[in-house]
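Peer 1: Below are the features listed in TrEMBL for this protein:
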- 15-38: domain 'PBZ-type' (DOMAIN)
- 148-174: region 'Disordered' (REGION)
- 162-174: compositional bias 'Polar residues' (COMPBIAS)
- His304: active site, nucleophile (ACT_SITE)
- Lys306, Lys535: substrate binding site (BINDING)
- His533: active site, proton donor/acceptor (ACT_SITE)
- Ser556: site 'Interaction with DNA' (SITE)
Amino acid sequence: MENSKRKMNSNVPTKECQYGADCYRVNPVHFREYSHPHIENVLAKAPSLAEVKIPDHLNTNKSVFEEQLKIVSKLYPNLQGDSNINPEKKIKMNDTDVPPSSFALSTTSACKAEEPKASSSTSVNKNPIDALFAERRARMQAAQRDKPTCAAVSSAAMQPEAESSASTSNTGISLQQSLPRDINAYFPVVAPRGHMAQKLAAAAPYNFFLTTITASKPTHTEPLSITFQELLDASLGQLESSVQMNFMVDIGWLLAHYFFAGYENVPLLVLYGDETPELRMVTKKKPNVTAVKVEIKTPFGVHHSKMGLYGYRDGSMRIVISTANLYEDDWHNRTQGLWVSPRLPAVPDGSDTTYGESVTDFRVNLLAYLEAYKLPHLQPWMARIRKTDFSDIRVCLVASVPGGHVNTPKGPLWGHPRLGHLLARHAAPVDDSCPLVAQSSSIGSLGPTPESWVLAEIMASFRKDSAPVGIRRLPGFRMIYPSYSNVRQSHDGLLGGGCLPYVRATNVKQEWLKDYLHQWCSRTRHRNKAMPHIKTYCRWSHRGLYWFLLTSANLSKAAWGVYNKTGRFEKPLRINSYEIGVLFLPKLLLDENFFPMEANKKHPPFPMPYDVPIVPYAPEDTPFLMDYLTQ
């Protein structure tokens, strides 16, 4: 009776949400479609939103529940005080109190731009990102209720194994040894166990993979497609400890992978950029897991690098550099890239400190990058790296660290000058008619003209090669970025653009960029409808591929750096964010001037992530803008 009266007075929907008190949605559209009696009753009993008391028994994250209260209060204001309270006593809700509807959908979870903002206000972004992880838990709890015999493992992976399952009512199902390890009940794509080492050997010499696409079945068995679970495959080695460095981390999703791989109690260090309640509490619940937020001192910078360090029981280790955040959606229907190193053995006892260095100086450059964090948690790993043989690595490390930088006696260490330095040393002479092709999932503020930064700085570094310095013309510039039509036809429709945080406010200031834009096309790799979160830069001609860079760095000043042009005492290159990538050079990998782009008898073709030749925008095309999801 009370519920029916409440619905009549407030016009709330009659159909109730299937998750009940476990619902973690913060999408206003969801609350227009479904009733949530546990929220509506709480509002009806309170004179105002400010006086709401959250019952202890509600199985929700407090911050998410508070966000839900705001949404329901705004949608159905007559609910408050059972419709009998003077409206003037009720709290007036601002539009900014309710996040844009599309941000809360799971397929748009990366709407939170990984690039710096022009403003420090990020309040509308934070709660939806938190709610993404909570919503994941709710879905898995519902799946567990529907399939009681399956081992659905969720963010409650953070519960100690000694606790009973009854104690996990707030966070899901506990990770206990007695649970059947039914991985197929949790992950949509599961590769056969025990084959990753063989797959990696077959991927030589490039070791370059793309993530599987849930909605594209050909990618499930493609030799150069992998899942995150395969990075933990026992064939690669018995894991002793590991580090995961990333921007966004759903710790429940990540720990589920470790659980199914049999490593739920193995030491794990997580360095992350985006704060969540789950990451703050994980060490208390799982003592073997240490989570550390990477603080950025530069304005608008983020910890954007995506790298894994895997240490094995025999003393060897492995490096994985990728473009994917560590949460479900980034490994679902988005195109992501990964480079997986060979297994790197420990150096023999008593070896010289230079023993086992890569021909590309990968080890010393990795140590310099890790040293930049100034975190004591990384010191044991740096000691281990110094005692590891990196001689089988033949790619170059290209990274960025926040701060002001000058060249060192060994040349520039970071940002776009670092890439230019490597190209000048190792890249074969490139014909100036061969354009630079940039491809990223976000675009920064590039300036009012192409000459502002792209042609003046990026092209100045990216055009370099080992030819003698002389009079050269500026190569062409091309940019691959999904158009609106690309995203509309994606596996997830417009929501597929959730990983493309380019906004109209930036676009209108650089409309010149449209003349350089090209479509996302990847039919050859069965990823035409999988929107790219991968970032790549390369140059090719009819002769082959001159070089190829896989990186976390979008095309932005924050990621690549910008030279300071004013002030006498400022450092010349300013970088805001942490980034990391690997540069593939044919001279170092194949002892050739080009990577083949088609099969030949001598070397396998380089596995390009998109189709070549590339397709320019049509006159009616526009780049996809995040604003389309918030309107």
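For all residues, glycine too, the Cβ spot is worked out from N, Cα and C.
Just so you know, TrEMBL annotations never went through curation; they're auto-generated.
Where in this structure would I find these features, and how exposed are they?
Peer 2: For Lys306 (substrate binding site), the count of additional Cβ atoms within 10 Å of its Cβ stands at 27 [all protein chains shown].
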Peer 1: Among the recorded positions His304, Ser556, which residue has the fewest other Cβ atoms within 10 Å of its own Cβ?
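Peer 2: Ranked by other Cβ atoms within 10 Å, the recorded positions His304, Ser556 bottom out at Ser556.
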Peer 1: Far apart in sequence but close in space: which same-chain residues, 6 or more away, have a Cβ under 8 Å from Lys535 (substrate binding site)?
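Peer 2: Once residues fewer than 6 apart are set aside, Lys535 (substrate binding site) is near Thr323, Gly337, Gln439, Ser440, Ser441, Leu550, Thr551, Ser552, Ala553, Asn554, Gly581.
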Peer 1: Have a look around His533 (active site, proton donor/acceptor) and count the other CB atoms within 10 A of its CB, chains all included.
Peer 2: 27
Peer 1: Fill in the CA-CA distance, His533 (active site, proton donor/acceptor) to Ser556 (site 'Interaction with DNA'), as an integer in Å.
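Peer 2: That comes out at 15 Å between the alpha carbons.
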Peer 1: For Ser556 (site 'Interaction with DNA') and Lys306 (substrate binding site), determine the Cα separation and express it in whole Å.
Peer 2: 17
